[in-house]
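See below for the structure under consideration.
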Amino acid sequence: GRLNADNARFLLLAVLIVLYMLCGAAVFSAIELPTEREAKERWEERLENFSRRHNLSRAELRHFLREYEEASIAGIRVDDIRPRWDFTGAFYFVGTVVSTIGFGMTTPATVGGKIFLIFYGLIGCAGTILFFNLFLERLITVIAYIMKSCHERQLRRKGVLPHDGRRGSGTSEADSLAGWKPSVYYVMLILCVASLIISCCASAMYTPIEGWSYFDSLYFCFVAFSTIGFGDLVSSQNIRYESQGLYRFGNFIFILMGVCCIYSLFNVISIVIKQSINWILKKLACKCCHRCQRRLFHSRRNVVMPGNVRSRRNISIETDAVNESDTDGRRLSGEMISMKDFLASNKVSLAIMQKQLSETANGYPRQMSSNSKQNGFSGGVGALAIMNNRLAETSVNR
C-alpha cells in the first residue's frame, strides 16, 4: 500500500544519505588531513622557536594563547575590526540567525543574551522560512508563466493556436494546453542559472572589497547562500569600507537573493532525488513482481491468472506514482504524496497544520483534481506543497 511504499522510500533515502556522508567524509579526510598535519607541524616549530628566543616556558606560552582564544571568541582581534555588538553588528547577527546561516563569528556571551536568542530565533526562523516558501511560490509562478507563454508562442508558429489567443477556439492540441505543466528539469536548470549569476555577480563585488580571491568569494557565496555558514569567511567585518553604506546594502541584497534562489533550488532538486528513488524502487519492485508472478502462476494456475496479477500491480504502481511510459516517467506525476492522501493515511495534527499553511499561502483551499494529479509538481507536503499547488494553478489558461 501507500504506507509501505513511503516506508520503502524513507529507508532507501536514509541508506543513500548515510552512504553519501561516508563517501564525503572519506574524500574530505583524504584532501584536508595532510594539509592539517603540515600546518600543525609548522605551528609547533614556530612555537618552539618563539619560546626559545624569548626564554619562555611552553606552559606559560600555551596559557597565554588560551587566553587569547577566549578573547577571540568574545570578538577581540589583533587587527582593527568593527565592534561586533554595535547596532550594525547586532543587525548583521540577527540576519544570520533568522536566515539560519549562523556564521558563528558572533555569539551571545551573557546568559540573558542566550535566553533571548532561543525565543527570538524560534519566531524569527519560522517567519523567515515562511517567507522563503512564499518567495518560492511566486518564483515558480513567474517561471511557469514565462515557460507557458513560450510554449503557446511555439504552438502559434506551428499554426495550432490562433494568433488572437481567444479562449474556446483552437484544435485539440490547443485544448490540451490546459493540462500542460513545465518540466521539473527546466525549472531546476533555470534556478541553477539564476543562482550561478547571482553568485558570480556577488563574487565580483566581494573580491576587490574584501580582498578575497575570486574562488574564495564563490566559496563564500555557496556557504552563505546555502545557509551552511561555516564562518571561516564572513563579509562586512572590517571597520571601514569605501562606499560603506552602498556595500552593506549590496551585501544584504545579494545574500537575500542568493538564499532565496538556493533554497528554491534545493526544493526542486529534492523532487528529482525523490524521482530517482521511485525509479530505483520501481526497478526493484519489477524484479520481485516477476518472480512472485511466476511462483503464483505455477502454484495456483487455475486461481490467479497472470493478467489479474498484472492489473493489480498496475493499480499499486499508479497509486505510488510510478509510470510505465517514458513520457510520464519524465513528469513525476503524483510522486510526492498529495495532501489529501497524506491526511487520509496519517490523521495527525501536523498534516492539518501543513494543509492550513498551504491554503493560507494560496489564499483558498485548493481541490485536487484528476488533472492536477498528472502534474509533475502536484501534491507535496509543507514547503513543497506551496510550490506544487502554485505550479498547478499557473497551468490553467488565462
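Cβ atoms here come from the backbone N, Cα and C positions, even for glycine.
Record features, source TrEMBL:
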type: COILED; residues: 33-60; note: coiled coil
type: DOMAIN; residues: 78-139; note: domain 'Potassium channel'
type: DOMAIN; residues: 189-274; note: domain 'Potassium channel'
type: TRANSMEM; residues: 12-33; note: transmembrane segment
type: TRANSMEM; residues: 90-111; note: transmembrane segment
type: TRANSMEM; residues: 117-147; note: transmembrane segment
type: TRANSMEM; residues: 184-206; note: transmembrane segment
type: TRANSMEM; residues: 212-234; note: transmembrane segment
type: TRANSMEM; residues: 246-266; note: transmembrane segment
Arithmetic mean of per-residue pLDDT over the domain 'Potassium channel' (78-139):
86
Are there residues at least 6 beyond the ends of the transmembrane segment (246-266) whose Cβ is under 8 Å from a Cβ of it, and what are they?
88, 95, 99, 101, 132, 135-136, 139-140, 188, 191-192, 194-195, 198-199, 201-202, 205, 209, 221-222, 224-227, 235-236, 387
For the transmembrane segment (212-234), sequence-distant contacts whose Cβ falls under 8 Å of one of its Cβ atoms, 6 or more beyond its ends:
96, 99-105, 195, 198-200, 202-204, 206, 254-255, 258-259, 261-263, 266
